[in-house]
């Protein structure tokens, strides 16, 4: 099976419809990938239910694994042959075509909460993407969930337990006593669980009006987690902040990332002196003058461009138009424009240095760097709008 599929992203719209017959090759590939260790599947929440998802590049690695060739070489194997990456991508396309695995997107926690989803710690909320693409870092989730062998074993054990319960009158006395003690112990555990739930509700009701938004003890008590994780953390405020839903490793990364940042002060802004207000007015006036000059030059260029367009539409030779443009910008005028731009840039740099010196004198050292960068960035962003270079004029 050879198909020239380019590497990277391949778009395929999601097909809507009812149940369809699954090809034997797709079923064999799904059985091979479903439990492969190279897939590194993780749990996610799709439509309120747990669903394993994985990256496309890991599925391609699993299909290129030598173990696949060994299984495919067996006489009764239904696995299609794979000899290149393009063929591996073509084989993986059988998953969305047969709707056994579809592309999904991981939703940000805030978006999931707005959609009334309930993300859990380390378990992101997933959403099916209508465009089924095959980029290396894209995610796919399984819609093919074969019944494992353990399910049949549990079913057989359930039938055996029911049969043994029917024969309870025939049990020996020591077995009957053991079952009675076990039943009492289980009822006691259930009672303790309901007692904890009642106590945490009472504590929340008492703390909600006094210490808003209220406190829950064992906030994960009813979450879909393990027994030990149900009691961790010990308490939490009502509501689930976005940071609390992140795994611990992401919290540590955030701490390291924000370790060197300076916390902004909550002090009220300092009032400007008369001298500073006067300098600010002068600076604003200079800015307005430069903007007016820029608008004048822009209008002039627009007029010239309109004239050039009219000349071009009338059939004038382009060489004549170029000669006229050259006449409008003789060498002495070009030198004057260049000198004017250099002077404007020098004034701009001088103004930035003055503002930096004022901030250095009037503020503490922790805030100086941020404010200088803010002023410099603002001035530099405005500079291209005020200075029209000769190259831009010639390009137009």
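Any Cβ shown, glycine's included, is placed from N, Cα and C.
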Annotated region 'Disordered' segment (source Swiss-Prot; candidates 215-251, 252-288): 252-288
Of the residue ranges 134-154, 155-175, 302-322, the one that Swiss-Prot records as transmembrane segment: 155-175
Annotated stretch (transmembrane segment, per Swiss-Prot) among the listed ranges 53-73, 74-94, 95-115, 179-199: 179-199
Range annotated as region 'Disordered' - as stated in Swiss-Prot, picked from 323-359, 360-396: 360-396
Per-region confidence, the topological domain 'Cytoplasmic' (1-154) (mean pLDDT, whole number): 81
